[in-house]
């Protein structure tokens, strides 16, 4: 493929009127995204709609707040010689300073001067057959030769602009005569380039594909696989014959790097034969493109490990991310990225700009051996507190007190100062050495010293994580009966009071811990476990009252209703159905003669009111 000429340029401005003046004179081949301006092409939250497109200029209005995910994603749509122009927030912060600092490093001219022209770039028809580079051709040969190996799976990772989709399209065009092939992606637009190379390809939306019966004779291609929930990708690979899975690894739609680690491990354990390939040579712009270098350094998208930082001091430290030297920040953030599938550049923005967020890390001779992302939450003050309990408000940055105040109807939880362990990560080579537990012990001491009243965490539940947190003193308080669409697991809340065992707070926390444990037993063991619960319980009473008043949904009240009917109304016709943890409103609708789920909920509310 002929390399396009011309380095791409960056423009960062803080003067809104000046930026919009430049924006009005933008190229016809451009896109303008803004949450504030009605004449923009789209709001920032719709940035994913433009992945797979190419523009001479991309204009992003971040005046009301930086959107790092949009910047990272749309940077890859700027063609060679083109321009990325960003209106920075009105008030400078650590992230905007970081953007300007690395702009000064990678662009020789001042990045606050007007951008006057766009270098002309080589254009081509979207349907033109492109000559593959040596790197692409090597992978292409491996892909096409595998047509003789019907159960070989290829995983291809690349940063943006490496010709990944073009390669897949040409491989698909070559192989379609020999196989029945289906293409899927998070959105059809994500597979635009691939489908242009093989216009006869059959595209099916991934959620529709999951509903179809499995067929091992149908070959599957997934483009931008990191944009799908990991469980969905795994199910698709088990239902069909996975041939090609490709994803971008530079941090949008979740973190492609996290996908590459987690999915590749799963694939090698599960699928018959797996080959992993990586594309490194940029094709949409020249090598050493300053805009790509700026993006990589600014948002820490580099995959290369940072082995040591300058300060060789060993120990456990809790600091704001903006206080860390660059190499240390890179180590901490890369560890969080690799350990958590759903990570993104916006995470770095939060760490650098939110004053209540901290990084707790353990280091030995300049190497980070464990890291945790901490968030300060609560208290929630009146009158907002009552609106939260009623489900009318969900104040940003207060996940634990808000969730406990609403889903468990515990008003007092909103009065307290919480420290949430949002994420914790340990390098794979150092796991099972108690580094994470040691870090949690230090976090406990630090929280006590800094006048927090509660520690807590929330995550997608699994038996292993349940065991880990309980070993470290945390108790399960709530397990959602809904399955998360990304993890295919229920969301869980665990908590640990920072008080002695003789206080009223400690006693209430013990009751909530017992409630959560009983709920877990019920979800896994069914009706028989209800005999282990108490005949009368204040938590149950609060939840049933909230359900009667239509404050909380059926899902949040189901366990309380199951207990109540089991103990107080054992002979009621609904008892058997409600004591089954898998019962849904759909089942209740069938019980009432096929009524809608909404009507089934209304009927149940009326029945509870009559019995109460």
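Note that Cβ sites are derived from N, Cα and C of the backbone, with glycine treated the same way.
The ATP binding site annotation in Swiss-Prot covers 136, 161, 162, 163, 164, 165, 166, 167, 168, 169, 170, 284, and the record cites sequence analysis as its basis. Counting only residues at least six positions away in the same chain, the Cβ atoms of 279, 280, 281, 282, 283 sit under 8 Å from the Cβ of residue 162 (ATP binding site).
Its Cβ placed at the centre, residue 426 (acetyl-CoA binding site) has 23 other Cβ atoms within 10 Å. If you look up Swiss-Prot, you'll see 424, 425, 426 marked as acetyl-CoA binding site.
Swiss-Prot lists 319-499 with the feature domain 'N-acetyltransferase'.
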Residue 166 (ATP binding site) falls, by DSSP collapsed to helix, strand or coil, into helix
Spatially, and counting Cα to Cα, which of the binding-site residues is closest to residue 425 (acetyl-CoA binding site)? Options: 136, 164, 166, 168. 164
For 136, 166, 170, listed as binding-site residues, tell me which one has the smallest number of other Cβ atoms within 10 Å. 166
Tell me the Cα distance separating residue 424 (acetyl-CoA binding site) from residue 164 (ATP binding site), rounded to the nearest angstrom. 32
Measuring Cα to Cα, how many Å separate residue 424 (acetyl-CoA binding site) from residue 170 (ATP binding site)? 41
